[in-house]
Amino acid sequence: MKSKKKDIRALSKAQLRDFFVKNGDKAFRGNQVYEWLWNKSLHTFEAMTNISKETREMLEENFVINHIKVDSMQKSNDGTIKNGIKLHDGLVVESVLIPTEKRTTACVSSQVGCSLDCKFCATARLKRMRNLNPDEIYDQVVVIDKQSRLYHNKKLTNIVFMGMGEPLMNYKNVLKSIEMITSPEGLGMSSKRITVSTSGVPKMIKKMADEEVKFNLAVSLHSAIDEVRTSIMPFNTNFPLKDLKESLEYWYAKTKRAITYEYVVWDGINDRKEDIKALVDFCKYVPCKVNLIEYNPIDDGEFQQASNAAINNYISNLEMHDITVNVRRSRGKDIDAACGQLANKS
Ligand code: SAH
């Protein structure tokens, strides 16, 4: 039978304190339990050793602690680890640990499936099944941090919201998860080391700017020409480049933080001179850098990575205009853990 008990981590600290007061205990008890739940990531009430037995039993009667489970784990030759993560309701998302010399990065999912329809992305084919809760995003970071310490002997340094899903279509929960990841009551990580990657939802970018968030913003641009962008990212019809541009200007005016554009160059799609020119022009709107991402094939050969000559053309043109450009090599490709491959074959 499905449990009707409420997930205790859906409660804010204030709500938890209230709960204890209403049950004739001290508000302070709420702080203690909150710390066990988040900072210590406990999965059972029983393990809360500074809480009396009666209180633990009372919690047990009222709540559950939903938590994720590593369902499968694949290790790549390059040290990348891809996890299949089972949620409390049996659905599965993926989270990836990406180690490099200088840092270890967790790539986390924000939705089961995705609400957007990018033609080149494996996750898009799943459609959106549901949003992840804040604790489900938080727990992915906890799991990856443990793996980083265990297999690479160092703690996690960075987090990117580049796994499954569109973070800005699950805005509230993503923000709440970041609040807990950065809070001393949670993991105490720095927001400067967190990047939220979006395909570009103008209204939400403005909202983030208004809320003065402290993390970094990456935008999956892939084309600065509406017609081309709509053909590969159909939702661009509703969120055209003009609106995206305006929201990014707003973001920069409010936060003074540069934006990263993610960009894949495909053969016959965005490898023409005018594509490059459009990108160079787009880059003039706000301070930014461009990450050219290697294309990770997802199946039928509809999309092919452009030639090295075409990519070099992009690089030289961007550099000529003093735009910083990095070429991002894929990690974990042999285990389908690279960008856009999550959900491929699973
Ligand atoms: N929805 C968010 C985050 C998830 S996708 C976003 O769109 O940014 C993370 C990154 O992988 C995005 O830049 C996306 O465009 C890119 N991507 C998707 N499929 C890809 C593929 N097959 N090869 C390379 N990059 C891909």
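Keep in mind that glycine also has a Cβ here, set from the backbone N, Cα and C atoms.
Taken from TrEMBL, the feature active site, proton acceptor applies to Glu94. What TrEMBL lists as domain 'Radical SAM core' is 100-334. Sequence annotations record features per position, and here TrEMBL assigns [4Fe-4S] cluster binding site to Cys114, Cys118, Cys121. Per TrEMBL, S-adenosyl-L-methionine binding site is recorded for Gly165, Glu166, Ser197, Ser220, Leu221, His222, Asn296. According to TrEMBL, the active site, S-methylcysteine intermediate annotation covers Cys339.
Features recorded in TrEMBL, as mapped to the structure shown.
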residue : record                               : DSSP class
Glu94   : active site, proton acceptor         : strand
Cys114  : [4Fe-4S] cluster binding site        : coil
Cys121  : [4Fe-4S] cluster binding site        : coil
Gly165  : S-adenosyl-L-methionine binding site : coil
Ser197  : S-adenosyl-L-methionine binding site : strand
Ser220  : S-adenosyl-L-methionine binding site : strand
Asn296  : S-adenosyl-L-methionine binding site : coil
In this structure, the one of the binding-site residues Cys118, Cys121 whose CB has the fewest other CB atoms within 10 Å is Cys118
What whole-number Å value do you get for the CA-CA distance of Cys114 ([4Fe-4S] cluster binding site) and Ser197 (S-adenosyl-L-methionine binding site)? 13
Restricting to the chain of Leu221 (S-adenosyl-L-methionine binding site) and a gap of 6 or more, list residues whose Cβ falls under 8 Å of its Cβ, or answer none. Gly200, Arg229, Tyr261, Glu262, Tyr263, Leu279, Phe282
Between the recorded positions Glu94, Cys118, Cys121, which lies closest to Asn296 (S-adenosyl-L-methionine binding site), Cα to Cα? Cys121
Enumerate in sequence order the recorded positions Glu94, Cys121, Glu166, Ser220 whose Cβ-atom distance to ligand 1 is under 6 angstroms. Cys121, Glu166, Ser220
Work out how many Å separate Ser197 (S-adenosyl-L-methionine binding site) and Cys118 ([4Fe-4S] cluster binding site) at their Cα atoms, rounded off. 14
Taking the Cα atoms as reference points, how far is Ser220 (S-adenosyl-L-methionine binding site) from Glu94 (active site, proton acceptor) in Å? 19
Quick one: pull the CA-CA distance for Gly165 (S-adenosyl-L-methionine binding site) versus Cys121 ([4Fe-4S] cluster binding site), whole Å only. 11
State the Cα to Cα distance, in Å, between Cys121 ([4Fe-4S] cluster binding site) and Glu166 (S-adenosyl-L-methionine binding site), rounded to an integer. 12
Among all protein chains shown, how many Cβ atoms are found within 10 Å of the Cβ of Cys114 ([4Fe-4S] cluster binding site), not counting that one? 26
Integer Cα-Cα distance in angstrom, Glu166 (S-adenosyl-L-methionine binding site) to Cys118 ([4Fe-4S] cluster binding site): 11
